[in-house]
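Everything on this sheet refers to the single structure shown next.
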């Protein structure tokens, strides 16, 4: 049976609310032995956690390490996009040379497609740049709280763009997230470690993450629905758009004056950061594939909790009870929102359609 194409409003709704297509999930689900499936899920979730947490700590080192003293956040982001672009092209070439060895779409630069992807690329640049700038100015422990408003922006944009109302319980969870965010800001200020600049970048990063989900769904048809093609064009566009920013912000001059510019260690860490940036998209897709979008959100929340604890231990920080309360409010509110949305989706799927009700009343 052919699946009907999704309407634009449905696509935007799915992107904003973190929902997936239930028909696609039903078709993709296959029975597997319990132990095999449990092992696969454990490995995939562990890989996602390790990649994501390592990437955050490595980026913090590159962006704000006293040993490096490199104040070029745009260049760090540009280099990571360049590494991702080269990796995508290399894997595409390898797949063409060895068709049986790996499965990767063929990639060639089409300027018409690049222009079609450009609106998403602008949002994508904002997302990764503001993420890195937030991480530069705030500690890793506060990083998740600083950019915790993505769910709130999802709800807000779903109303502004789609006129979709949100249930009371979902709004209540958003209120908990906002309360945790403000409490966290207050406690960072009380401890003398608050950066308003970093907090502002975190809020902007949250907004761009929400917008990125919307534009990704809209732009996918231009790349034949291929996430890898979209990744390639996104990063190619980003590399081009970053070049004038590097000139305007004087980062190329700062890079020329950098004492470790010829260091193999520095370039190795920079390249490793690019590899993690490339890998996070792949392992995120793997986690969603082997679990579900909702389970992915829960895993991401738990990972954020573990990352915060590791950051406090690694940097030997001492946090107050209210500071930890703010983190628990943000993480608890995010988990509760995921649970509420899953419960509402399940309830909608279980409700009979009006036509089915009519048939039942007629005894058909």
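Keep in mind that glycine also has a Cβ here, set from the backbone N, Cα and C atoms.
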Transmembrane segment range according to TrEMBL, out of 6-23, 168-185: 168-185
Per TrEMBL, the range holding transmembrane segment, considering 113-130, 293-310: 113-130
Segment-segment contact (the transmembrane segment (77-101); the transmembrane segment (227-246)) at 3 or more Cβ pairs under 8 Å: yes
Selected stretch (most C-beta pairs under 8 A with the transmembrane segment (197-215)) from 113-130, 142-161, 168-185, 227-246, 266-286: 142-161
Non-local residues, at least 6 beyond the ends, that sit with Cβ under 8 Å of the transmembrane segment (168-185): 142, 145-146, 148-149, 151-152, 155, 194, 199, 322-323, 325-334, 336-337, 340-341, 344
Stretch in 113-130, 142-161, 266-286 most in contact with the transmembrane segment (227-246), if contact is a CB pair under 8 A: 113-130
